[in-house]
């Protein structure tokens, strides 16, 4: 058969041909020329590859690169601590700080331990050495600087009776505490020069000072490197810094090393009784709830004080954590609660937050932190404190926020977050509210107006099914409704799979997130991307639509509008700023949606399009096979039917011909391609798009749409979402992935990861149908691998241990010696079986306490916490005979208890029924912290600064409730520094599996009790 060499008569080609008698050939198949040589083309007609066209290559590459370019830095910021400087900054000695931390953490030092007394004396010596060096530096200073006035208070007088606990109508817990705080006051250049605290009833004058706090006690099972050793050495370095020449504070600075934070914030409460507590108006609290890493800004009282943290060299944190406290999602507390809630100070809480598995365990030591972590907290403390003591305004000198509080003024609620650990944003919550309301109102109006204009111009292809030609009344299909419901279906299915995976992990291997949170993230992300891509490709295959992006962004805008409404309500009614990221998410989505609507102005009006289409015959065939196997009418150079000339460029089929023909090929990603698709794919471009503007089988009017605007849309949405959602997702994971050992259900953790995975990847939805198969296929393999791993892997390791909680209880009435471990079933029973002394004992386990935790007990090795004394003399008490007293309401009975314990300074009294009131002679009372409430007291905790103290406790109760007082006296021992003092604990540490961490269950490691 003779081949035609006239390019106007050829159909089988790699690019479409132009008509009007000109040979505008892009690239002809050389097989159509007898000599095998294709005609040469001018450079003006040669097809070019568009680097930003909305085609598979650019979409896949650009989207992937943007995600990688932002996610990788986020991961690096989250996991790598900025390096400490090689040389010491002025006024700071990092080597000295590290040596101090090593000494501080060389043993357990809870309040109820002899090591605690040693640390107390050592800290006083260190403060003295620092001040001596400071005075010498001022003497040697060539500028003739004068050393500041510095006062050191070894507070051995402050004590307090107060109450804690008690929810609703439940009885409360009474507390008597004797403080052992160390307070250093550096007089500011503008401070009153009088020692007003020496005068009875003396009050400070002038502007309020600044308080920096850290606690030097640890828990009985942790060395306290980050909880709160780094905070303590930071305070020591702050003393050094602000007493150095050139660094003297303008406002007075109080540095508090408090003792007793781990036991219900007792040290901070004792500080409230010191005269200097009336002087400070702002504060910085340094804490730790992890072991190493970055010190995060955990929470703040207001916008104004938060701005001083902005000068930190490496800021880190989000208001999301602060709102977690407000909503009760975070149950642990720090001294921040006392400074803000009792004293009325305004300030910040900076703390280490991960890994929680090391918190309150023997891995909270110097081996698991670094000098980089020390510098991260110290540098933030220096920058923040320097700003506060240099501030001369009156912002923090206003009316008191409450009765009995200092005159610190009232701040505004704030929004704050870091960006890549290098910059910090802070603004008022009211500003967020105003922006939110503006966006909620303006954005829909703008789109509505644009929609009206498009309709007036007859270019509103969205939601259009067909267009009627006015002259002939003929209806021409515009297929503008295609893809309308595609996105919500795909979103629900893909996201629903993640929720299903969350339930699957929570059921099969709930603790895998404890050690392998990144594997869980990888599984969630890869699953969502692959499923969304797969469903989008199927939808695009059967019903291709050029309006896919516009409809997707419209749906996203609608969803984000609803979320922004909810967030705005919480901002207005509850002062919750955690949804701040929704504002940026919504704004980016609106701009992307706006571009999709503006693109429609480039289209011909629908009536004109209908007239043009009515001049051409209908497309050949109505099913998908006609698209695949034959060119359609709009592909013909003249719009004619498929006739004999169609196959003029292909040899007549023979027995040796390919079944599919030379111009069709089946692929995984694009199913069956036509010849022109195949050729363009092989050359890296999709020429049907670059030449005619129509991609594949999308609507023919889409040829007029710009091909580059998708890049703008992606850049408006993608980077903003990645920065905010990625950071918050990592932050939440660090804070929550290891809470299962504390009795918190882990399903909420998996649901949170699933939700943040969806939020993180939603920006890909409008473009993912253009992805090549390579990335989704790779992610499918990642999903399969991580799913298998997450379901089958053992969830704990030596680096990510399971925390169990120890206590040994000795009942002197029955002689029963019981060792107990509280932990997650079935692991806690596996651990007990590894203990030699428990292997032959009858193990009794209580019913489930919370989220799978159980308390299992067995007769254990006898404790040796008191030397050379029989067990029945370890505690002693006596109770006076009750006496009655008439009141206006009911008769009241009184009794006096004398309680003492050997080699301890902590006991408590438990009552079978709540008592009405109690008091201790010589103890201070504070109306800001009532010592009793109407529901009564069920327990009194007693803490003394001296060993083997005798507490005198007066109690009273209603005579109609009980004639006699019944309860138990319990004394506590918490010193595990000496091997052999608690053999049961020593044995557990020796024989427990390496993936087990031991923490305290109660105030004491050993608790000995006797009834009365």
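Glycine is treated like the rest: Cβ placed from N, Cα and C.
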Pick from 178, 190, 287: which one does Swiss-Prot list with 215, 227 for the same Zn(2+) 1 site?
287
Given Swiss-Prot lists 227, 262 for Zn(2+) 2, the same-site residue among 129, 138, 314, 360:
360
Swiss-Prot annotation, N-linked glycosylation site - which of 605, 842:
842
Write down the residue from 159, 670 that Swiss-Prot flags as N-linked glycosylation site.
159
For the feature transmembrane segment as recorded in Swiss-Prot, pick the matching range from 412-432, 433-453, 454-474.
433-453
Between the transmembrane segment (711-731) and the transmembrane segment (61-81), are there three or more CB pairs that fall under 8 A, provided the residues in each pair are separated by 6 or more in sequence?
yes
Which listed stretch (433-453, 488-508, 576-596, 711-731) has the most C-beta pairs under 8 A with the transmembrane segment (519-539)?
488-508
Cβ neighbour count (within 10 Å, all chains shown) around residue 359 (site 'Transition state stabilizer'):
26
Residue counts in helix (H, G, I), strand (E, B) and coil for the topological domain 'Cytoplasmic' (540-550), per DSSP?
6 helix, 0 strand, 5 coil
With an 8 Å cut-off on Cβ pairs and a sequence gap of 6 or more, do the transmembrane segment (551-571) and the transmembrane segment (433-453) reach 3 or more such pairs?
yes
Any idea what DSSP makes of residue 359 (site 'Transition state stabilizer'), helix, strand or coil?
coil
Which one of these stretches, 433-453, 488-508, 744-764, has the most C-beta pairs shorter than 8 Å to the transmembrane segment (576-596)?
433-453
Along the topological domain 'Cytoplasmic' (454-487), what average pLDDT does this model show?
91
